[in-house]
Amino acid sequence: MAFFLETFIGGLMAGMLYALVALGFVLIFKASGVFNFAQGAMVLFAALAMARFADWMPQWTGIDNKIFANVAAFVLAAAIMFAVAWAIERLVLRHLVNQDAATLLMATLGITYFLEGLGQTLFGSEIYTIDVGMPKDPVFVLESAFQGGVMINPEDVIAALIAAALVAALSVFFQKTGTGRALRAVADDHQAAQSIGIPLARIWVIVWCVAGIVALVAGMIWGSKLGVQFTLTTVALRALPVVILGGLTSVPGAIIGGLIIGVGEKLSEVYLGPFVGGGIEIWFAYVLALVFLLFRPQGLFGEKIIDRV
Amino acid sequence: MFYRENGQFKTSYRADQQVFPILQDKIAVWALIAACFVLVPMLASDYFYLAILIPLVIMSLAALGVNILVGYCGQISLGSGAFMAVGAYGAYNFVARVPDMPLIPALILGGLCATFFGILFGLPSLRVKGLYLAVATLAAQFFSDWMFLRIKWFTNDSPSGSVSVNNLQVFGIPIQSPQAKYLFCLALLVVMAILAKNLVRSAIGREWMAIRDMDVAASVIGIRPMYAKLSAFAVSSFIVGVAGALWGFVHLGAWEPAAFSVDISFKLLFMVIIGGLGSIMGSFFGAAFIVVLPIVLNLVLPALLGVFGVEISTAGISHTELMIFGALIVWFLIVEPHGLAKLWSTGKQKMRVWPFPH
């Protein structure tokens, strides 16, 4: 039982991190109808920037303080992500207004390649570490209930808390601010939003900036867990089933989908894996999402798709 | 002026419905095919065969298959690499397990394995479409990656999933020299392309296009979406599977599951989009673009940077290549979202009205 709980909690934590990446997908799809395949590359790019700036900061400023270096690196990386968001809107999206979804998907694939190349050219392609001082030693809880207790990784807990805080902040931003309302209006209907004077171009930049920040946070957390390296882009591929499970347009869907996928993956790996040779984590999530889609094509919280001739 | 088609009158439906109703098109295509079979072998060097021509021919075949699914039937697929892998490992299993298995039946059987796999993973297309489907097809990709790495039966108990084939021969003729490999692949490509061209002109091809353009309207006028979509998946994955088997057998010789990773799926989709959705010709253009571009960049980049006195490392080249590749894709989508095939027909139109612009 303790082992099951451990797996379950580990799954929840991993799911929270998937949800964080999935959130980036959902935000952009919601506000611009673009399925942003470049989210993974953005995560890598942001994490690379953050890792390197944190390294360089003491040399540049002469202040050898880890907290200062990390905060400054975070701010700088955020600024770079804003620049990337602006460039994407200005150079790519603006020219592709009204193209069909497949073209936009391809464009983001192009952006993916570009960002992967650019990130590694600017920041190098070795394995870097982000050290934001998260405690790494596992702790045991509930020792009175189970023998040996349940092992929990405090790093995961902190990561999940950060993710939860980010989601909460985003919900407030979407629900309570004027910009957030404008974003939701654009999501509902581009043309109607434009006609009442909402500047579409600016909204897109804002959305991509927010997605950039989400990517940065995801990259920071994943990077401090796994190290910053090229394989970070595959995290995005693992977050994709989360998006289709939760529905492309739903923020809560991304969270709950993430948790379901995270738990499903871990449980399947532990309890199903040994029978079929292991390593099934990567496709299990997809097959789970796929089977689910057969019953509810729009995902858990997606908007019902209505076709008319 | 240069491309004059007036005076070519059609007096029967048969004449009007030919693949190339215009005489000079027909001559040009036959001349091109003849040149590929006769002229190219006289001129090409071994490096040219191995680095460019053979990959180009095989990738054209794969792009043709993907174009049937994505371009003609409108089902975006990111799992094409998986169908290639199934074709390759399927054919390998037939060669390895059946004594004296001839090459061509093995390729066809490999293609049939891919067909089965394609139909299985095409089933979600009955319920979901568009971007959801694109993501759902990734399931096929990851499943096949895992399957050939972990299930030892498929790879004849090789520990890392890497397999190899040798002593290829067709009708007693060995397929060993680069030239023979090229001609063999080219012959298959021509046969498949003619079949595909006729298929998309037939009733079933029109059903696919109706589904692509608007599936609800298509089903209202009596097209069965299930039949049309699954047949597109079947035909497409058969062609892609044969291409995969050729890629493994003829081009690589020995391969492992990583040879058919998700990267190859993306590249195939690029080929189709850059070449032109819903165009047989476009598949060739797209494949040529994607296959030749990295080679050209590899040759040109160091020389070009050398002019400015910049030394570039191998890793630097590959990163720059990624950037240029990505930028070109975006540029292409912005400038010509209908692909190279559209440029081709624009060019023909210009030739038609030359020297007057309208």
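These residue numbers are counts, starting from 1, taken along the chain as shown.
Just so it is clear, glycine is given a Cβ too, placed from its N, Cα and C backbone atoms.
Look at TrEMBL and you will find B:27-44, B:50-69, B:76-95, B:101-123, B:130-149, B:180-200, B:230-252, B:284-310, B:322-341 tagged as transmembrane segment.
Beyond the ends of the transmembrane segment (B:50-69), by six or more residues, the same chain brings 40, 44, 75, 77, 80, 83-84, 178, 181-182, 185-186, 188-189, 192-193, 196, 199-200, 208, 232-233, 235-244, 246-247, 250-251, 267-269, 271-272, 275, 277-280, 282-284, 286-288, 290-292, 295 to within a C-beta distance below 8 angstroms of the stretch. Residues 20, 53, 179, 182-183, 186, 190 of the same chain sit 6 or more residues outside the transmembrane segment (B:27-44) yet have a Cβ under 8 Å from a Cβ within it. Two recorded stretches are said to be in contact when at least 3 C-beta pairs lie under 8 angstroms, sequence spacing 6 or more; the transmembrane segment (B:230-252) and the transmembrane segment (B:130-149) fall short of this definition. Tertiary neighbourhood of the transmembrane segment (B:180-200): same-chain residues 19, 33, 36-37, 40-41, 44, 49, 53-54, 57-58, 60-61, 64, 68, 72, 107, 170, 173-174, 208-209, 235, 239, 242, 246, 250-251, 280, selected by CB-CB distance under 8 Å and a gap of 6+ residues from either end. Panel annotation: around the transmembrane segment (B:130-149), residues 75-79, 81-83, 85-86, 89, 117, 121, 124, 155, 160-161, 257, 260-262, 265 of the same chain, lying at least six beyond its termini, place a Cβ under 8 Å from a Cβ of the stretch.
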